[in-house]
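Everything on this sheet refers to the single structure shown next.
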Amino acid sequence: MDDDGSQSAAARTAAVVGAGPAGLYALAALLRSEAFDRVDVYEAAPAPYGLVRYGVAPDHPKTRNISRVLAQGLQQRQRVRFLGNVVVGSDLSVDELRAAYDTVIVSTGMLGDRRLGIPGEDLEGSLGASEMVAWYTGHPQARQLAFPDDLRSATVIGAGNVALDIARILAKDPATLRTTSMPRHVVDVLAASTLTDVHLVARRGPAQAKFTSPELHEMGALEGVDLVVHPDDLVLGPADEEAVANDRHSRVTVDVCREWSERPPAGAGRRIHLHFWRRPVRIEGTDRVTGIELETTRSGDRPTLRLPTELVVRAIGYHGTALEGLPFDEPSGTVPSQDGRVVVDGAVVPGVYVTGWLRRGPTGVIATNRGDANEVVASVVADAPTLPARRSDPEAVDRLLAEREVRVVSWDDWLRLEAHEKAAGDAAGGDPIVVHDLKTVIEVIEAAAG
Ligand SMILES: Cc1cc2nc3c(=O)[nH]c(=O)nc-3n(C[C@H](O)[C@H](O)[C@H](O)COP(=O)(O)OP(=O)(O)OC[C@H]3O[C@@H](n4cnc5c(N)ncnc54)[C@H](O)[C@@H]3O)c2cc1C
C-alpha cells in the first residue's frame with residue numbers, strides 16, 4: 001500500500017463475471033491499461049465465449065471464430081485466471097467478490113426471453129428463443145427438446161436475426177448440419193422431424209424488419225426450401241415508402257422479399273412463410289400447442305389468421321435476470337449504471353461496474369460490446385487510484401469454492417475440452433462438436449488430464 005493509503009497498481013486485482021464478448025473485451029482493455037496486476041474471470045458455463053459459443057448459429061462458423069480473438073486475454077496466464085463452471089449468485093455472491101477484489105466488472109448478459117403476454121404461452125410446445133438456441137448450440141443447462149411425432153408446422157415470432165437463425169435451422173436440410181458444431185443428438189432430432197412449414201411472423205412490415213442482408217440472402221438460397229411471401233404484405237404505406245427511400249437496409253429487405261414473392265414455387269419439401277403486419281393473440285391447445293391466432297396490425301385490413309402449428313418460438317428479444325447484490329431495472333432487464341459504474345438510488349457503488357447486454361440491453365452485434373467494454377474500462381481505470389484501500393485477497397474466493405466443492409473448470413481444463421471437441425469434429429470432417437452435458441464435460445477433462 002502507498003503512503004497515501006491508496007494501493008499501488010501492482011497490488012490491484014479485478015474480477016470479471018461472465019466470459020462472453022463484453023467480459024472478454026473488458027479483460028483485454030484491463031490488460032492494456034496495466035492498471036491491474038491480476039484479473040480473474042468467472043464464468044457459469046464450463047467454457048468461455050458466452051453467446052459466441054451458445055448463441056451464434058452453428059452453421060455460421062466464421063462468426064463463431066471470433067472466439068480466437070476473445071481468447072487472447074485469457075491466454076495471458078501470468079496475469080489472468082479463468083474460473084469456469086462457477087455461477088455467481090449461487091456458488092459465490094457478488095458481495096464475496098467485492099470483498100476479495102478491488103474492482104468487479106459484471107458482464108453476465110441476458111439469459112431469459114421477453115414474453116408475449118398472451119393466452120397459451122406456457123403450453124408445452126411454446127418456447128422462448130433462448131431455450132431453443134441453448135438446446136441447438138449445446139448449452140449444458142439447456143432443456144433437451146423433443147419434437148412431437150406429428151410436427152408439421154413451426155411458428156417463429158420476431159423480425160430480427162435470432163428469428164431468422166431459428167427459422168433457418170428448423171427448415172434447412174439436417175444433413176448440412178452434420179459438419180457443424182451442433183451436438184449430434186440435436187441434429188438427430190432435427191433429422192427425424194416431420195416438419196414441412198416454418199412461419200415467420202413480424203409485427204410490422206418488411207421496411208421495419210431488423211433482419212440483416214447477409215442472413216436474408218442466405219435464407220433465400222436455402223436448398224430444398226421454398227419461400228412464401230404474400231404480395232399483400234408488401235404493399236407499402238407512405239411511411240414505408242419514406243423508409244425505403246432513405247434507408248438502404250429497408251430497401252434491401254423490401255427488394256429481397258419482393259423477389260421471393262415473385263419466385264415460382266419449386267415444389268420443395270419445406271417452406272418458410274413470411275407473414276408481415278401480424279401479431280399473435282392466442283396460442284391454441286389444451287395440453288400442448290396445436291395452433292396460433294395472428295391478428296393484423298394494419299387497421300381495416302385482413303381478418304385474423306389461424307395457423308395450425310405444433311411449435312411456437314418467440315424470438316422477440318432476450319431479457320436479463322437480477323443478480324443478488326446488484327440493482328436491477330426489471331422493465332429493461334439491465335443493471336442501472338453511469339458510464340458503466342453501477343448506480344443504486346442515484347449513488348455510484350464504488351468498484352462495481354457493468355458492461356455488455358446487461359448494461360445496455362440486447363442490441364448490437366458482437367463488436368458493439370468492444371466499444372461498450374472500452375468505455376466501461378475507461379471508467380474503471382479512472383477510478384482505480386481513488387478506490388478505498390482494501391486488502392485484495394482473491395485466494396479467499398478460492399478457499400470458498402473449495403469449501404463449497406465447486407468443480408472449477410480452469411483454462412487448462414478448457415483447452416482439454418476444446419482439443420476433444422476439435423478431434424471429434426475432425427473425425428466427422430467438420431467443425432469442433434460441442435460437448436453438451438456437464439457430466440461428460442468433466443469426464444472428458446479428467447480423462448485428458450490423466
Ligand atoms: C441467438 C443469438 C445469435 C446471435 N448471433 C450473432 C451473430 O451471428 N453475430 C453477431 O455479431 N452477434 C450475434 N448475437 C449477439 C451477440 O451474441 C451479443 O452481442 C453478445 O454475445 C453479448 O455479449 P455479452 O458478453 O453481453 O453477453 P453473453 O454473450 O451472453 O455473455 C455473458 C456470459 O456471462 C455468463 N454468465 C451469466 N450469468 C452468470 C453468472 N451468474 N455467473 C457467472 N457467469 C454468468 C454466461 O454464461 C455468458 O458466458 C447473437 C445473439 C443471440 C442471442
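Just so you know, glycine gets a Cβ as well, placed from its N, Cα and C.
Because the structure is a prediction, the values reported are computed rather than measured.
Taken verbatim from TrEMBL:
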DOMAIN    15-172  domain 'FAD/NAD(P)-binding'
BINDING   Ala22, Glu43, Leu51, Val88, Trp357, Gly364, Val365, Ile366  FAD binding site
BINDING   Arg203, Arg204, Glu215, Gly364  NADP(+) binding site
When you measure from the Cβ of Val88 (FAD binding site), how many other Cβ atoms are you left with inside 10 Å?
24
If I take the Cα of Glu215 (NADP(+) binding site) as reference, which of the binding-site residues Ala22, Glu43, Leu51, Trp357 has the closest Cα?
Leu51
My understanding is the cutoff is Cβ-Cβ under 8 Å with a sequence separation of 6 or more in the same chain; which residues meet that for Leu51 (FAD binding site)?
Gly20, Pro21, Gly109
For Arg203 (NADP(+) binding site), what residues in its own chain, 6 or more apart in sequence, show a Cβ-Cβ distance under 8 Å?
Ala159, Trp277, Arg278, Arg279, Thr297
Considering the binding-site residues Glu43, Glu215, which residue's Cβ sits among the greatest number of other Cβ atoms within 10 Å?
Glu43
Within the same chain, the residues at least 6 apart in sequence whose Cβ is under 8 angstroms from that of Arg204 (NADP(+) binding site) are Ala159, Phe276, Trp277, Thr297
With the Cβ under 6 Å from ligand 1 as the test, give me the qualifying entries from the binding-site residues Arg203, Arg204, Glu215.
none
Cβ atoms near Trp357 (FAD binding site) (within 10 Å, other residues, all chains):
29
Secondary structure at Arg204 (NADP(+) binding site) (DSSP, helix/strand/coil)?
coil
Densest Cβ neighbourhood among Ala22, Val365, Ile366 (binding-site residues), 10 Å radius
Ala22
Report, as a single number, how many Cβ atoms besides its own are within 10 Å of the Cβ of Gly364 (FAD binding site).
14
Segment-level pLDDT (mean, integer) for the domain 'FAD/NAD(P)-binding' (15-172)
97
When DSSP states are folded down to helix, strand and coil, where does Gly364 (FAD binding site) land?
coil
Measure between the Cα atoms of every pair in Ala22, Glu43, Leu51, Val88, Trp357, Gly364, Val365, Ile366, the residues the record assigns to FAD, and report the largest value in Å, rounded to a whole number.
25
For Glu43 (FAD binding site), what is the secondary structure by DSSP, using just helix, strand and coil?
strand
